[in-house]
Amino acid sequence: MTSQTSGTPANSPAPDQIRRAPKVLLHDHLDGGLRPGTIVELADACGYPRLPETDPGKLGAWFGRAADSGSLERYLETFSHTVAVLQTRDALFRVAAECAEDLAADGVVYAEVRYAPEQHLAGGLSLEEVVEAVDAGFREGERRARENGHRIRVGALLTAMRHAARSLEIAELADRHRDLGVVGFDIAGAEAGHPPTRHLDAFEYLKRANNHFTIHAGEAFGLPSIWQALQWCGADRLGHGVRIIDDIEVRADGSARLGRLASYVRDKRIPLELCPSSNLQTGAASSYADHPIGLLRKLNFRATVNTDNRLMSHTSMSREFEHLVDAFGYTLDDMQWFSVNAMKSAFIPFDERLAMINDVIKPGYAGLKSEWLFQ
Ligand SMILES: O=c1[nH]cnc2c1ncn2[C@@H]1O[C@H](CO)[C@@H](O)[C@H]1O
Ligand SMILES: [Zn+2]
């Protein structure tokens, strides 16, 4: 038995294989993923004087440090700078195009990227104009990626800010642009003190319209937030949801007992948009090895791997997987499992998800897994 498998490669994928592996990203913020050099140029163009650094290298490092605060509220303060430079059509277009290009170069084949249109009106744009600029940017980024030999599809999620009162308006905006590049809706912002039930009218509206939404829940606040997001609001997915771990007891013999809410989440295959590096920065986990994703994967929750904010967390999909490979010894099979989980959970139509899984993701991993035969 051993001799038959002795020719198989070391299980651990190399960084280059991780990058080339087809990956699926469901939780990434447009205003959390700008290139530092682009921020400097945009700040210059619009006369924004308050950047903490004007050298791109130093600015990138500053975002990483400032976001590394142990609190979600402090982490979110860093967005004032990225949002400030995203107030024109050109800026939104450029950043959306670069986002699609960067994800494609990192081996992402499908991404849902979110942003809050209500935060981009200070320069006089209307909500519609914001959505149109970002959509045009994503299409341009897909085109440039194709030119460089990468294939990616990017859809938008429109976010409403949970401390504000525009969620119904943003839900309606998302529904109007449903076949125009917007695949769903989300709420984000500080979680404690801002329960999702404040936005019930938006969620009710989307349900009546047969539309999709995810809710940031169970990141900085625990089970009550997850319970409300699912049982009061009817979320299709959980943004983070990492605190579901509070409803799982691991016994001394290693077996696990799931509470009612954790059972519901697993039984109903509710997707968890897990973002390990972001959680380390906001204090939701203390190390990669201690991150609940290890247990949630073992227990076969519908777990997915995500970047959240590539700028603030100095990360990419490949880096997230590198950390997980280091911490948990994940293989290409594990990477495929996460990627198929994510693709199953995407908000695009079923036939497209299935084709992505069968014609892009599985063949991609099969190719990588067979490389050792030809070395
Ligand atoms: O992890 C997060 N939790 C909650 N809110 C977030 C997170 N990352 C970003 N945002 C918020 O979402 C807005 C729209 O993209 C960002 O401006 C930021 O305030
Ligand atoms: Zn987020």
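Yeah, the Cβs are placed from backbone N, Cα and C, and that goes for glycine too.
In TrEMBL, annotation is done automatically, which means it is predicted and not curated.
Because the structure is a prediction, the values reported are computed rather than measured.
Here TrEMBL flags 22-362 as domain 'Adenosine deaminase'. This prediction places the mean pLDDT of the domain 'Adenosine deaminase' (22-362) at 97.
Annotation note: ASP308 (Zn(2+) binding site) sits in a strand segment as assigned by DSSP. Summarising the environment of ASP308 (Zn(2+) binding site), the number of other Cβ atoms within 10 Å of its Cβ, over all protein chains shown, is 28. Here TrEMBL flags HIS27, HIS29, HIS216, ASP308 as Zn(2+) binding site.
The annotation substrate binding site is assigned in TrEMBL to HIS29, ASP31, GLY189. In this view, ASP31 (substrate binding site) is surrounded by 24 other Cβ atoms within 10 Å of its Cβ, with every protein chain counted. Taken residue by residue with DSSP, ASP31 (substrate binding site) is part of a helix.
Over all protein chains present, the Cβ of GLU219 (active site, proton donor) has 26 other Cβ atoms lying within 10 Å. GLU219 (active site, proton donor) falls outside any helix or strand according to DSSP and counts as coil. Residues annotated as active site, proton donor in TrEMBL: GLU219.
For HIS240 (site 'Important for catalytic activity'), the same-chain residues lying six or more positions away in sequence with a CB closer than 8 A to its CB are HIS27, HIS216, ALA217, GLY218, GLU219, LEU272, GLU273, LEU274, CYS275, ASN279, ALA284. The secondary structure of HIS240 (site 'Important for catalytic activity'), as reduced to three states from DSSP, is extended strand. The site 'Important for catalytic activity' annotation in TrEMBL covers HIS240.
Taking the C-alpha positions, the distance from ASP31 (substrate binding site) to ASP308 (Zn(2+) binding site) comes to 10 Å. Take the binding-site residues HIS27, HIS29, HIS216: by the count of other Cβ atoms within 10 Å of each Cβ, the lowest one is HIS29.
Proximity of the binding-site residues HIS27, ASP31, GLY189 to ligand 1, judged by a Cβ distance under 6 angstroms to any of its atoms, singles out ASP31, GLY189 in sequence order. For the binding site of substrate, formed by HIS29, ASP31, GLY189 according to the record, the largest Cα to Cα distance is 13 Å, rounded to a whole number.
Long-range Cβ proximity for GLY189 (substrate binding site), meaning a same-chain Cβ under 8 A and a gap of 6 or more residues, is found for LEU76, MET161, ARG162, HIS163, ALA164, HIS216.
Apart from HIS29, ASP31, GLY189, the substrate site neighbourhood in this chain, defined by C-beta within 8 angstroms of the site C-beta centre, holds LEU30, GLY32, LEU76, PHE79, VAL83, ARG114, TYR115, ALA116, GLN119, THR159, ALA188, ASN309.
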